């Protein structure tokens, strides 16, 4: 009789951008065995991969260039891939961030079809601080999230806003998936934007906010990710 694995081995991609220490600590609190890696060959043995990131989209994609092929291959093979903040934006097809610098749209990993766009000039950027999540559909990443400081869910039993003191954001661009079904949760900052996204298969997902800095809700999401890695 086989013994069920109880600890997920998670690789955090070290491509030179991102708050690696806080992400690592958050995942460890969530029960993962975490390793930082600059070697795509180490993805094979991992139960899951986390792509963190803070900074400019173009720089992120340039730095992640050596990882690109391996990330796409692992994701297409069904391995759980979790993008955080810039890492979430990199999961999409393009970003207009470089276009504001006169360079045209920058290409992402194209694992979730869509584009990253800038908040309107009427909004103060970056969007920084605590804000609410409105869970719009089921996904393993948000299982139980509505029960953590939640407001009243919809009549059909789905959705509900998480108390705004549980999701911490720092960003000037936001994801616009081509397909609305890719949106798992939204947040209002002058406009409703996708704050959690996932691909059709469900194994590639991202949060625009930093779960490792988002209190009990963030910890719940990280635990859900670790559980997902163990189950898949």
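For all residues, glycine too, the Cβ spot is worked out from N, Cα and C.
Checking the ranges 109-125, 126-142, 143-159, 160-176 against Swiss-Prot, the region 'Insert' annotation falls on 143-159.
Counting only same-chain residues at least 6 apart in sequence, those with a Cβ under 8 Å from the Cβ of residue 85 (active site, nucleophile) are 18, 52, 53, 54, 170, 171, 207, 208, 209, 210.
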